[in-house]
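As given in TrEMBL:
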- B:709-773: domain 'CBS' (DOMAIN)
- B:81-107: transmembrane segment (TRANSMEM)
- B:127-153: transmembrane segment (TRANSMEM)
- B:278-297: transmembrane segment (TRANSMEM)
- B:330-350: transmembrane segment (TRANSMEM)
- B:370-391: transmembrane segment (TRANSMEM)
- B:453-473: transmembrane segment (TRANSMEM)
- B:479-497: transmembrane segment (TRANSMEM)
- B:539-556: transmembrane segment (TRANSMEM)
Protein chains: 2
Amino acid sequence: MEDVYKLVEAESANMEEEEEDPECNSLHQPLLKRNRTLSSSPLAIVGAKVSYIESLDYEINENDLFKQDWRSRSKVQVLQYIFLKWLLAFLVGLLTGGIATLINLAVENITGYKLLAVVKYIEQGRYLMGFVYMAGANFLLTLVAAVLVVCFAPTAAGPGIPEIKAYLNGVDTPNMFGATTLFVKIIGSIGAVSAGLDLGKEGPLVHIGSCIASLLGQGGPDNYRIRWRWLRYFNNDRDRRDLITCGSSSGVCAAFRAPVGGVLFALEEVATWWRSALLWRTFFSTAVVVVVLRAVMEYCKSGNCGLFGKGGLIMFDVSGVSVRYRLVDIVPVAVIGVLGGLLGSLYNYVLHQVLKVYNVINKKGKLHKLLLSLSVSIFTSVCLYGLPFLAKCRPCDSSLADSTCPTNGRDGNFKQFNCPDGYYNDLATLLLTTNDDAVRNIFSINTSSEFNVFSLVVFFALYCILGLITFGIAVPSGLFLPIILMGSAYGRLLGLAMGPYTHIDQGLYAVLGAASLMAGSMRMTVSLCVIFLELTNNLLLLPITMLVLLIAKTVGDCFNPSIYEIILELKGLPFLDAHPEPWMRNITVGELADVKPAVVTLNGIEKVRNIVEVLKNTTHNGFPVVDCGVTPPTGSPNGATELHGLILRAHLILALKKKWFQQERRRTEEWEVREKFSSIDLAERGATIEEVTVTKDEMEMYVDLHPLTNTTPYTVVESMSVAKAMVLFRQVGLRHMLILPKYQAAGVSPVVGILTRQDLIAHNILSAFPHLERSKGSKKGN
Amino acid sequence: MEDVYKLVEAESANMEEEEEDPECNSLHQPLLKRNRTLSSSPLAIVGAKVSYIESLDYEINENDLFKQDWRSRSKVQVLQYIFLKWLLAFLVGLLTGGIATLINLAVENITGYKLLAVVKYIEQGRYLMGFVYMAGANFLLTLVAAVLVVCFAPTAAGPGIPEIKAYLNGVDTPNMFGATTLFVKIIGSIGAVSAGLDLGKEGPLVHIGSCIASLLGQGGPDNYRIRWRWLRYFNNDRDRRDLITCGSSSGVCAAFRAPVGGVLFALEEVATWWRSALLWRTFFSTAVVVVVLRAVMEYCKSGNCGLFGKGGLIMFDVSGVSVRYRLVDIVPVAVIGVLGGLLGSLYNYVLHQVLKVYNVINKKGKLHKLLLSLSVSIFTSVCLYGLPFLAKCRPCDSSLADSTCPTNGRDGNFKQFNCPDGYYNDLATLLLTTNDDAVRNIFSINTSSEFNVFSLVVFFALYCILGLITFGIAVPSGLFLPIILMGSAYGRLLGLAMGPYTHIDQGLYAVLGAASLMAGSMRMTVSLCVIFLELTNNLLLLPITMLVLLIAKTVGDCFNPSIYEIILELKGLPFLDAHPEPWMRNITVGELADVKPAVVTLNGIEKVRNIVEVLKNTTHNGFPVVDCGVTPPTGSPNGATELHGLILRAHLILALKKKWFQQERRRTEEWEVREKFSSIDLAERGATIEEVTVTKDEMEMYVDLHPLTNTTPYTVVESMSVAKAMVLFRQVGLRHMLILPKYQAAGVSPVVGILTRQDLIAHNILSAFPHLERSKGSKKGN
């Protein structure tokens with residue numbers, strides 16, 4: 001873990017210069033400083049790229065100027081907003097469904113023609129030529145995917161789910177949802193999956209759905225945005241968050257054709273904040289996705305889509321199997337669950353180590369990233385093509401009365417490969433096919449004698465290795481399918497072993513094995529259960545699936561956190577957990593504030609020079625605004641200091657850009673402000689202080705910050721424990737939290753400090769307060 | 001609405017007397033007072049009983065003494081807690097499943113034998129005798145249910161879901177989860193359902209599940225609690241909330257045999273706070289319920305359970321129907337959706353009016369409640385028995401080749417009733433049976449010619465009337481089944497009308513009609529969809545069900561809120577919505593505090609006399625603790641006042657009870673406190689000041705409040721808008737929120753006011769600030 005953090009660590013150039021202000025001196029005295037400082041690392045790995053990350057702001061900004069939210073404005077505008085919200089949810093579903101179909105079509109056709117050509121060479125006995133053709137095609141496809149990712153959109157690498165999870169938790173991940181990323185993710189995903197790599201399109205589809213949602217919300221790619229007036233309602237972090245939640249659900253739905261599962265996946269795994277209203281909009285999006293998929297499948301049934309037909313969408317329909325299980329069947333089911341938990345946590349552990357090694361390699365440059373991807377591709381081709389030669393040819397079971405054995409075509413359950421007529425190669429059935437078809441074959445029911453132990457062991461071992469080495473390479477890659485493949489293999493093996501003692505079909509064992517490994521690695525329960533329910537189209541499987549999932553998750557939780565949590569930590573994304581660590585009770589926010597650089601406050605009416613200096617010399621994004629010498633209503637002879645609120649860096653830069661200057665220190669009138677600023681201005685972000693030019697004369701002028709200040713930031717008293725502060729921070733979705741003094745007296749600063757997301761990350765606190773490490777008990781295990 | 005509020009309004013005896021304290025005088029000056037006051041009504045209707053309600057406290061109480069949470073204690077204790085949590089979740093599932101089976105068994109047997117006897121009379125032509133028998137039996141069963149409810153547990157009336165919803169939102173509803181309530185709810189539910197009243201056992205089962213969860217968590221009924229040491233971990237509002245969430249999910253699951261639907265119902269409709277960890281424990285409970293139900297059904301298959309066999313658990317299995325729909329079928333589906341929305345909102349409106357009338361009747365006393373229930377029972381019997389005589393006898397369809405027409409037994413789809421052999425009475429099929437069987441009959445597939453229009457219209461009209469007049473009577477009653485019955489009737493009618501133009505089966509129309517009316521009235525989407533999926537056991541229905549639900553909910557939302565929201569408001573339960581009203585942006589918490597009685601603060605070391613007076617003369621549950629004349633670290637010449645925290649009434653009473661007194665004003669040592677108090681003491685609630693006796697000498701002594709004070713209450717600055725404060729209040733689950741001044745100066749009180757749940761209820765704010773009513777825009781409609 002440590003080396004990764006070093007990689008991520010960067011200049012936290014927080015050298016505050018104390019401004020001089022004759023009137024309000026006491027405020028700028030540096031607070032009690034210690035040697036230790038709370039270091040924060042604003043860098044994290046997004047996709048495969050080290051990026052500067054920021055925090056999102058879900059707080060309602062209440063400043064004098066725009067205290068009147070649009071909601072309290074005209075009815076027409078409210079209706080526009082609601083209409084647009086639903087229109088966007090519809091479009092997200094429509095486009096995600098469309099793109100998912102496109103990817104499926106492309107993958108099925110590319111892989112299909114590739115496999116047909118390979119089969120033709122094999123039929124002619126030209127095995128080497130077949131290998132060269134297959135390895136070459138896979139190499140090229142991987143090359144396309146990897147070059148696109150490495151050169152154009154490093155953020156498109158990997159599944160994207162951890163980054164989306166972090167985004168919905170409040171971490172802004174730059175370049176994550178852009179048009180280039182979307183494009184590269186689509187093409188890269190087609191390339192990587194067609195190349196036969198051990199990865200799925202499920203994770204990427206979640207990312208694609210989120211990209212579509214984000215692009216729709218902002219009206220198009222960054223440089224070519226549609227400036228539709230209605231879209232301005234969506235120019236805030238909250239509505240964008242909701243849209244991206246819709247997008248990620250649609251993605252899951254499109255991947256598994258599981259509308260309820262998609263909604264639950266977003267709810268259980270991805271989203272941090274949730275409300276009923278969102279539940280139902282998300283549901284609408286997934287419903288649209290399902291309708292689109294269904295329509296396309298109807299259209300393709302008549303053979304209009306090339307080799308696409310059976311493949312792609314419903315992954316494995318076992319609705320035909322009659323599920324009659326009795327109490328004794330609970331034993332193998334429990335065994336599968338325990339195995340899934342053990343193997344899942346082992347997988348998490350080993351993958352973590354592999355990813356750390358990969359990070360070191362990837363850091364060395366683009367060429368290394370490319371070479372790594374291509375090596376994995378070649379290794380995969382060699383194994384997929386070479387290993388079936390080790391398997392013995394098996395005679396077709398004449399009792400099946402199935403004219404489709406052996407098969408040579410695009411799909412089919414009994415591949416002939418190198419065998420004579422009337423015989424099939426069971427390992428080729430699993431390896432020389434698309435990943436989707438491999439899953440379908442291994443899940444197939446009433447085929448208890450199809451696969452022998454040797455083939456299944458080889459298959460399992462191969463996919464364990466591939467699953468570990470493939471995930472970290474710089475192409476779009478999902479985790480679901482590799483885990484399903486691994487899990488189904490050992491499930492089916494167990495089915496073979498238990499064969500004489502149980503009545504459960506072996507295909508069902510494979511399904512349960514896949515479910516158990518998913519739960520053991522990803523630690524989801526309800527959403528996985530529903531996804532498997534919708535995949536297998538058999539409600540009677542429900543109780544048995546539940547049991548497997550519960551056992552696997554429980555066992556897995558004993559060893560390590562879920563794979564997504566591991567990746568989040570590895571990437572250095574400051575994710576705020578739902579539960580504060582127990583030792584956070586033993587430290588107060590006041591103590592945290594003490595080890596941070598002193599808070600930089602501004603006066604309600606501040607000199608331009610001071611503002612420019614503060615902006616140039618700090619990297620803070622929010623500054624408390626304080627008025628000195630005011631007279632409170634209850635009267636204080638010496639005058640009081642008043643906490644006016646918090647002003648954002650973006651708004652300070654805006655004030656400088658718009659030259660909101662005046663010669664004398666005076667409060668401005670409302671109409672002056674309204675003339676100068678519009679709500680659209682205030683919603684803009686991303687401007688930097690370097691873009692601003694201020695003349696020497698202007699430097700001596702004043703800015704009235706009052707109208708631009710958020711007068712109602714959330715606050716905590718300095719004696720509050722970090723645990724409770726964190727609950728508030730996460731629940732309300734904050735970016736800044738002001739710390740107030742618990743003392744009330746003249747001369748006490750009205751703000752003790754300011755907390756941000758980075759200050760509340762356990763790792764950062766522990767590095768400043770090492771003694772807490774000792775008291776760091778076991779994490780609450782619910 | 002107004003008259004109900006008057007009913008609910010009571011003495012809000014908040015006549016604060018200002019305490020005299022020479023040292024800290026400025027603190028006790030009454031703040032700027034206006035004429036208007038914020039009236040709060042701490043009374044609400046729980047079940048059928050007007051009760052004094054309180055707010056729950058989900059905040060972590062951090063006082064000096066018990067700052068060390070158990071979590072940071074020994075590992076063994078953590079494991080004990082986790083083990084117990086899961087054990088309780090298991091027991092909740094087990095017991096809920098068991099009791100659900102018991103209720104089903106009892107209902108099926110009582111109704112079965114009753115109907116068999118009636119059929120025998122009819123066969124003999126003794127129609128009057130049949131009526132007398134049936135009406136008499138129904139009367140007696142209703143009487144038992146109503147007497148139990150009226151005399152022993154008024155809180156057991158109705159479904160209980162709104163109260164549970166309020167409880168999980170943070171409103172304590174007294175006597176809601178007691179052993180008596182549980183017992184009465186079980187027996188009453190059996191009685192009411194067996195009596196043939198138009199109500200279901202679904203809502204009561206949710207309440208029963210919650211009761212079981214609450215009783216288990218506290219170790220048994222109030223007077224006979226098991227004092228198991230481990231159970232002390234559950235003696236707090238947070239863990240009880242989680243348990244009750246588990247219980248309510250288990251209840252839904254037991255009602256519909258829908259484990260995923262149960263979890264989603266709790267999530268979408270009932271719970272206010274939710275986290276992933278809870279999702280998966282809830283899921284475990286529902287899994288246990290399903291296993292119990294399955295086991296019992298296996299056992300009963302062999303005829304060990306009397307007349308129980310087919311009935312009860314799987315309500316309507318339409319997995320046999322082949323669902324082939326085309327684009328044109330979208331028209332009738334959309335029509336059903338729109339109709340469902342319109343009728344659902346109309347039902348909500350009319351039911352609201354009926355309930356208001358019923359409230360007036362019920363207020364008049366127990367006898368009136370009883371008479372009302374019995375009148376409804378007699379009316380129901382007359383209609384159920386009399387109306388089938390209006391229907392024409394129809395010949396059995398010989399093409400069905402079904403030897404079960406006509407049927408005379410306990411169940412069956414073609415009741416003979418008064419018809420000659422070979423003929424059946426279609427209205428009797430729907431009316432002279434249990435409600436569950438009626439649903440099964442009307443949902444039955446491939447029976448397109450079974451019901452004629454006249455019968456369906458009569459059925460629909462009858463159940464509209466019964467559904468409106470039955471719900472408010474003083475017996476346990478669920479809303480699901482009446483709505484399903486109504487909805488299925490018009491769905492089937494629509495199916496008849498569309499017959500020639502569509503390929504959808506009429507049974508399916510009935511299912512969709514039921515779903516649409518549920519969505520139109522209850523406004524749930526995802527959970528309803530999953531419940532219907534699990535009920536009908538047919539995944540292919542999913543897209544079409546989704547569409548119907550979405551349309552119905554959208555249409556319904558245009559007219560009025562959901563039925564549960566209406567009932568919550570009617571009952572006066574202070575439910576905090578997820579979204580603050582838009583006009584709440586225009587008022588600050590400081591303004592709210594101004595119209596409240598001045599806040600009563602205590603000194604860190606307070607005189608016993610003052611404490612006793614404050615407790616006697618106020619009804620507040622929390623008091624800010626303030627220290628005067630302290631010296632802050634940054635030094636203030638005149639001394640500062642320090643906000644030490646918030647002390648709860650329960651803890652003040654505890655200090656008085658335990659005689660935590662001392663002669664002189666001094667801070668106590670930690671060991672002294674630890675000797676006197678244990679964490680179990682602090683968790684106790686419910687003691688009143690009247691129980692405490694303090695001698696005259698003791699009155700002059702002092703109490704050190706510091707160790708008992710929660711040092712870290714959540715706070716807001718007085719300039720914060722009510723909208724943002726409400727978000728905080730609800731998200732973090734508070735009972736008290738302190739308002740801090742925005743000014744920092746000597747002589748300013750460190751606490752401006754204190755906000756409670758009642759202060760944030762829109763109705764209460766509007767009555768104190770009528771001008772806000774004008775700006776009250778349309779409620780945000782997402």
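The backbone N, Cα and C atoms fix where each Cβ goes, and this holds for glycine too.
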For the transmembrane segment (B:453-473): best-contacting stretch of B:81-107, B:127-153, B:330-350, by Cβ pairs under 8 Å: B:330-350
Leading contact stretch, B:81-107, B:127-153, B:370-391, B:479-497, B:539-556 vs the transmembrane segment (B:330-350) - CB distance under 8 Å: B:539-556
Recorded stretches the transmembrane segment (B:370-391) and the transmembrane segment (B:127-153) touching, at least 3 CB pairs under 8 Å: yes
Same-chain residue ranges lying at least 6 outside the transmembrane segment (B:539-556) that approach it to Cβ under 8 Å: 318, 323, 325, 329-330, 333-334, 336-338, 340-342, 344-345, 348, 508, 511-512, 515-517, 519-521, 523-525, 528-529, 532-533, 562
Residues of the domain 'CBS' (B:709-773) by DSSP state, where helix covers H, G and I: 25 helix, 16 strand, 24 coil
Averaged pLDDT score, the domain 'CBS' (B:709-773): 84
